[in-house]
Amino acid sequence: MPSSGILKNSMNEECGPSLKKRHSIVSGRSDFWSSSDEDEGVQPHEKAIAAGQPNPPYCVRNIEQHDFGRREIEIAEQEMPGIMALRARAKDDKPLKDAKIVGCTHINAQTAVLIETLAALGATVRWAACNIYSTQNEVAAALAEAGYAIFAWRGESEEAFWWCIDQCCTPTASWQPNMILDDGGDATHLMLKKHPAAFKQIKGIVEESVTGVHRLYQLSKAGKLSVPAMNVNDSVTKTKFDNLYSCRESIIDALKRSTDLMFGGKQAAVCGYGEVGKGCCQALKALGCVVYVTEIDPICALQAAMDGFRVVKLNEVIRQVDIVITATGNKGVVTRDHMERMKNGCVVCNMGHSNTEVDVHALRTPDLMWERVRSQVDHIIWGNGKRIVLLAEGRLANLCCSSLPSFVVSVTAATQALALIELYNAPAHRYKADVYLLPKKMDEYVASLHLPTFDAHLTELTDEQAKYLGLNKVGPFKPNYYRY
Ligand SMILES: NC(=O)c1ccc[n+]([C@@H]2O[C@H](COP(=O)([O-])OP(=O)(O)OC[C@H]3O[C@@H](n4cnc5c(N)ncnc54)[C@H](O)[C@@H]3O)[C@@H](O)[C@H]2O)c1
C-alpha cells in the first residue's frame with residue numbers, strides 16, 4: 001500500500017470523497033462509477049451518469065479488483081528501480097508540490113508506479129487512458145481505491161474515451177490543471193480545443209509518443225502552442241531502451257509465446273538495421289539463427305556486415321527463410337509478391353511502424369483463407385495448402401504478443417517525471433512556447449538512477465582530466481549531437 005504521506009497528498013478534495021467515505025460507498029455497493037466485469041456492454045460512465053453523477057470522483061470497471069491490482073503494482077515496483085529511487089530521493093523535497101497534472105497514458109502496473117511517484121513528489125493527478133484497449137482494470141481499481149482520480153477501463157467506447165479524458169481536463173472550482181503528461185496528444189488536443197482558457201494556465205506539457213510529438217511540432221509551427229512542451233520520445237535514454245534493448249528481448253518473447261518456435265538453425269530475415277533491427281538481429285543470432293539483413297542505407301548495411309550478418313535483398317532469400325521481421329519505419333517492405341514466394345510455415349511479423357510495413361491488406365483476397373489459430377496469430381492459407389504465419393495482423397508484434405519489461409518503463413517513467421519537474425520548476429524565461437528535448441544532464445541522471453541495480457560504479461573525472469576534456473566533473477559528459 002502507498003505510504004500515508006502519498007495517500008494524504010492524493011486525498012485532497014479535488015480527487016473526490018475521502019477514502020473513508022469512498023470505502024463506505026464501495027462496501028454499500030453503490031459504487032456506480034465502477035461496474036463489475038459481468039456488466040458486459042455497459043460502459044461504467046453510463047452508470048454514473050444514469051445515477052445522476054455526471055462527474056464522479058473516479059470511474060473504473062470494477063473497484064473490487066483493487067487487491068489484485070495492488071499486487072501487480074508492487075511487482076512492477078521491484079523491476080522499476082530508477083523511478084523508485086527518484087521517489088525515495090525527492091519525496092521530502094516535493095518538487096511537484098501543488099502541481100495539478102492531467103495524465104493520459106496507458107494505465108498498467110508500470111504507469112501506476114509513475115502516478116504514485118508523482119503524488120509522492122507533491123502532485124495531485126487526474127488520469128485517463130490513452131488507449132481504449134490497454135487499461136489493466138485491476139490496476140485502475142487499485143489506484144482508485146488508493147484515492148486517485150482515475151477514469152479508465154479496458155474496452156472503452158469512443159465516446160467513453162473522450163468522456164474520461166474530459167473528466168481530467170475540465171477545470172472546476174477545486175481543480176485547475178497546470179501540467180499535462182500525454183502519450184499521443186489527446187489530452188493536449190482536447191484541452192486546447194474544449195478548454196482554451198484552462199489550457200493557457202498550463203505550465204508545461206510532457207509528451208511521450210512519436211505521434212504526440214509530431215502534433216506538438218505542428219502546433220508550434222502554426223503558432224498555436226502557447227506553453228512549453230518537452231519531447232521525451234526522443235530522449236536518448238528512452239530511445240535506446242525502447243528501441244534497442246527492449247526489442248532485443250521482446251522479439252524472442254513475442255515469437256515464442258505466439259508460435260512456440262525453436263530458433264537454433266532457423267533462417268531469419270530482418271528488414272532494417274536501425275536500433276530495433278539491431279536488437280532483433282542480436283537476439284536471433286544469440287539463439288543460433290542464421291540472420292540476413294536488408295537495408296537501404298549503406299552506413300547501416302556496413303554496420304550489419306561488420307556485425308557478422310549477410311546483407312541481402314529480401315528477394316534473394318525469401319524462398320528459404322523461416323522468419324521475416326520488419327523494423328524499418330517504412331511501408332510496403334514485405335509485399336504480397338514476397339509472401340507468394342515464402343515457404344510453407346514462414347512466420348511474418350512486424351516490429352517497426354504499426355501495420356504499414358507488411359502489406360496485410362494485399363492478403364485479404366478471396367483466394368486466400370485466413371484461419372485464426374491463436375490470439376494474435378493467423379494462418380494465411382493458399383489454395384495449394386501452403387500457409388504462412390502472420391503475427392498481430394502486421395501490428396507491433398512485441399506489443400501485441402508479449403509484455404513490456406518494467407525496467408524499460410522505469411527509464412521512460414523517470415524521464416517523464418524529471419521532464420515534469422523541470423518544466424514545473426523552471427524560471428519563466430528558461431522555456432518559451434516551443435518543443436524541447438530534455439537537457440542531457442537529466443538524461444544522464446535517469447541513467448544514473450538505474451546503475452545501482454547492477455552495482456555499477458562510475459569512474460569520476462579527475463580535475464586534470466575534466467580540464468583536458470573541457471567538461472564539468474558532474475556532466476553533461478557528451479555534446480548534444482553525440483549518438484551513443
Ligand atoms: N516494436 C517496438 O517496441 C518499437 C520500439 C521502438 C520503435 N519502434 C518502431 O520501429 C521502427 C524502427 O525504429 P528504429 O529506431 O530502428 O529506426 P531507425 O531509423 O534507426 O531504423 C530503421 C532502419 O530501416 C532502414 N530502412 C528504411 N526503409 C527500408 C527498407 N525498405 N528496407 C530495408 N531497410 C529500410 C533505414 O535505413 C533504417 O536504418 C520505427 O517505426 C519505430 O517507431 C518499435
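Including glycine, each Cβ sits where the backbone N, Cα and C put it.
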Identity of the NAD(+)-site residue among Asn178, Asn384, Asn398, Asn425 (reference: Gly274, Glu275, Val276, Gly277, Lys278, Gly279, Glu295, source: TrEMBL): Asn398
Structural state of Gly279 (NAD(+) binding site), classified by DSSP into three states: helix
Greatest C-beta neighbour count within 10 angstroms, which of the binding-site residues Glu275, Glu295: Glu295
Spatial neighbours, same chain, of Asn398 (NAD(+) binding site) - Cβ under 8 Å, 6+ residues apart: Ser246, Cys247, Ser250, Ile251, Asp253, Ala254, Met351, Leu404
Maximum Cα-Cα separation in Å among residues Gly274, Glu275, Val276, Gly277, Lys278, Gly279, Glu295, Asn398, which the record lists as binding NAD(+): 21
Close-lying binding-site residues around ligand 1 among Lys278, Gly279, Glu295, where CB distance stays under 6 Å: Glu295
Densest Cβ neighbourhood among Gly274, Gly277, Gly279 (binding-site residues), 10 Å radius: Gly277
Secondary-structure category, per DSSP, in which Asn398 (NAD(+) binding site) falls: helix
